[in-house]
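Features of the protein shown, as given by TrEMBL:
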- 13-117: domain 'Pseudouridine synthase I TruA alpha/beta' (DOMAIN)
- D60: active site, nucleophile (ACT_SITE)
- Y124: substrate binding site (BINDING)
- 162-279: domain 'Pseudouridine synthase I TruA alpha/beta' (DOMAIN)
Amino acid sequence: MVSPPTRYLVFFQYFGTKYSGVMETSNEQSIVGVQNYLEKAAQNLKPVVPIKFRISSRTDTGVHALCNSAHFDIQRAPGKPAFNEKQLIHCLNYHLRPEPIRILNVYRVANSFHARFSALSRTYIYRLLMGCTHHSEIPVFERDLCWAPAGGHLNVSAMQDAAQFLLGTHDFSTFRSLNSETRFQSPVRTILQVDIRPSSGFLSHHYEHRGLEFWELKFRSRSFLYRQVRRMVGALVAVGQGKLTPRHIKELLEIKDSRAFPPNAMAPPSGLFLKSVEY
């Protein structure tokens, strides 16, 4: 008699530059998703049925995750006990060694648990670098891990004022990119937190004399629309550059039309990190 499957919640992180995003893609593509590597590693557990990861939070090409999550079921051969969490962490990480992907934690959960729909909130951070007048001034250790907007400096106070308009429940149609799922999704989201604070860079204390400043924009919501965070960051940076005023953010929300978003203002993926998924 075949034993019933056991469900696990897994937390994992990845450096997203070399992947097409977190979601599974065809293995024939030259650049594939993080999920492809997770599932390839999981097949070394010798399951009766191939293991599928159900990802909680989608991330795009070039976006990183300090901590994403997923659930998966493992069905073992008759008489084989369920894996414990430490076994899974060690085995998966062993087979993920060549990739910048790491399993952080694994928890056994009820079969009714769903990594995506059981999540209470998600937190993203976006890393900005100020003080660079040219992209060649970005420290090599920060390449692909931040955005240095043109002009070098931003009016952070104006950005913080503008960010307050994003808090709360709104129709974020202007702040989403269109994709195949757009017409099936409500554009209404509730932003629980927006913070803009100074941060530190990797080894930044070794080049303080260069006058570089790192800042983090933090956004927390139960869920986000397609590319919503990158568009919110881009609009706030435009405020910091003086291209928009803080009240323009309120006006963009009220327009409720993705075509009204300023052209070429969306922040690049390199500075974006999924920080955590809360349950």
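Note that Cβ sites are derived from N, Cα and C of the backbone, with glycine treated the same way.
Caution: TrEMBL annotation is automatic and unverified by curators.
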Cα-Cα distance linking the residue listed as 'substrate binding site' and D60 (active site, nucleophile), given in Å to the nearest integer: 13
DSSP helix/strand/coil residue counts for the domain 'Pseudouridine synthase I TruA alpha/beta' (162-279): 47 helix, 32 strand, 39 coil
